[in-house]
Amino acid sequence: MAVNVYSTSVTSENLSRHDMLAWVNDSLHLNYTKIEQLCSGAAYCQFMDMLFPGCVHLRKVKFQAKLEHEYIHNFKVLQAAFKKMGVDKIIPVEKLVKGKFQDNFEFIQWFKKFFDANYDGKDYNPLLARQGQDVAPPPNPGDQIFNKSKKLIGTAVPQRTSPTGPKNMQTSGRLSNVAPPCILRKNPPSARNGGHEADAQILELNQQLLDLKLTVDGLEKERDFYFSKLRDIELICQEHESENSPVISGIIGILYATEEGFAPPEDDEIEEHQQEDQDEY
């Protein structure tokens, strides 16, 4: 069972945000650049696996989580581990998944003290434990791309390059049919080179189209996730509608309020997405 830590006061023992990030990255072999990126909950799940082997089913952890309902799923896994090990700590899930600095910094400060009180110094291979999966930081286009590129300059991390690997391989394959890259740089521009530049541009546009499709699919799942919750609330309200409660009436009024051009998803579509989510779990 775990040793509980109840102190939440700020003391000289608390690490700065930079030191805290360094500890997280060094311990789990990550490349987080902001405290806010802990909002996915994946890092905490693996820390629990490090402290108490077997208390977390890492296969259930969504290491590539990018949407809020996926963060919530990870924190549910963490809550189950807390309960299993007798950790008396209420996880402020609703605050953490919003990705605000202060909420996440306060929680990681507590968790660091909890970790120090329970860690026995045994060896742990985080990459092996998560089967080589990379813990993807929550989407932040400006910082994420820049920091990822900077990391690749000095560190060879195969899984970091996987999202763009196929695109680069295809482009390299096309260019190699003409001449090595060094020769292409020496030759003056020509119509032949222009054709390959057009091919590279087409590949880039296709990749952008794929990225947009994945984004839309994720947003649709998130929409249906919250819509299903509203349907559950609607059913509860309908069961008690005969009580003439002003609270129930107010909730129903909010549920049925619409704006021009709004169209709720069809029931079949919601059930299909819900089945896909269950299959992922």
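Cβ coordinates come from backbone N, Cα and C, glycine included.
Since this is a predicted model, take the numbers as computed values, not measurements.
What Swiss-Prot lists as domain 'Calponin-homology (CH)' is 14-116. With DSSP classes pooled into helix, strand and coil, the tally for the domain 'Calponin-homology (CH)' (14-116) is 69 helix, 0 strand, 34 coil.
Here Swiss-Prot flags 157-181 (among others) as region 'Disordered'.
Sequence annotations record features per position, and here Swiss-Prot assigns compositional bias 'Polar residues' to 158-175.
Here Swiss-Prot flags Ser162 (among others) as phosphoserine.
Under the heading phosphoserine, Swiss-Prot lists Ser176 (among others), citing similarity to another entry as support.
For 194-264, the entry in Swiss-Prot reads domain 'EB1 C-terminal', with the evidence type sequence analysis. In the predicted model, residues of the domain 'EB1 C-terminal' (194-264) average a pLDDT of 80.
Here Swiss-Prot flags 217-281 as region 'DCTN1-binding', drawing on similarity to another entry.
Under the heading region 'APC-binding', Swiss-Prot lists 217-260.
Look at Swiss-Prot and you will find 260-281 (among others) tagged as region 'Disordered'.
Swiss-Prot lists 272-281 with the feature compositional bias 'Basic and acidic residues'.
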